[in-house]
Amino acid sequence: MEGASFGAGRAGAALDPVSFARRPQTLLRVASWVFSIAVFGPIVNEGYVNTDSGPELRCVFNGNAGACRFGVALGLGAFLACAAFLLLDVRFQQISSVRDRRRAVLLDLGFSGLWSFLWFVGFCFLTNQWQRTAPGLATTQAGDAARAAIAFSFFSILSWVALTVKALQRFRLGTDMSLFATEQLSTGASQAYPGYPVGSGVEGTETYQSPPFTETLDTSPKGYQVPAY
């Protein structure tokens, strides 16, 4: 976008909902938001099953409660972050300070990169624990939920990496200073310098007669004789 600052136009400009909804960044945030629900939702609903020896609940991922807690925390954090950053994208056009825009983009870049790494760790962790899970009736019943959490963890890696790349592109775009230069040039070209008012004591060039000290000085004045010694 010409004259843009970190991927957005001038502050205070009207936001077009249709163009905003079609932006790749908006679509990626919505996709990441849906993927996060698909991760922590199945774990919360079906991730804890009864043991074969009693009514005690255990995590479906090899009985490791840390795996279930990590998946829920990771998905819930991504869910809240996607909602917050989506709201920031809506309000980004209204931010007039270039410094504040830069901080917002840096926050997006850092968080997206961090969550991409955490999703990768979570995917590897859940996959490893599921492979070590012993087969059983309870495991079979909750198998679909476990596989769904693992699959959408992988999809979340891709979506958050894409968000990181988009934030990096916005940061590299920075501020297009040609916008401000064009405004200054157009303002200066459209305004003429005012002339001196009449009677201000400064006369125009038309009333000027002759420059001072231009007459040839007579080096030998009349009536003056050089004395003889």
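Each residue, glycine too, has its Cβ placed from N, Cα and C.
The domain 'MARVEL' annotation in TrEMBL covers 20-172. Taking the domain 'MARVEL' (20-172) as a whole, pLDDT averages 91 in the prediction.
Residues or ranges marked as transmembrane segment by TrEMBL: 26-44 (among others).
Within the same chain, residues 26, 29-30, 32-33, 35-37, 39-41, 43-44, 47-48, 58, 104, 108, 111, 115, 118-119, 122, 125-126, 129, 149, 153, 156, 160 sit at least 6 positions outside the transmembrane segment (64-88) and bring their C-beta atoms closer than 8 Å to a C-beta of that stretch. Residues or ranges marked as transmembrane segment by TrEMBL: 64-88 (among others).
Beyond the ends of the transmembrane segment (109-128), by six or more residues, the same chain brings 61, 67, 70-71, 74, 77-78, 81, 85, 146, 149-150, 153-154, 156-157, 160-161, 163-164, 167-168, 171 to within a C-beta distance below 8 angstroms of the stretch. The annotation transmembrane segment is assigned in TrEMBL to 109-128 (among others).
Long-range contacts of the transmembrane segment (148-168) within its own chain (CB-CB distance under 8 A, at least 6 residues past either end) are made by residues 24-25, 28-29, 31-32, 35-36, 38-40, 42-43, 47, 71, 74, 78, 105, 108-109, 112-113, 115-116, 119-120, 122-123, 126-127, 130. The transmembrane segment feature in TrEMBL is assigned to 148-168 (among others).
The region 'Disordered' annotation in TrEMBL covers 209-229.
What TrEMBL lists as compositional bias 'Polar residues' is 209-219.
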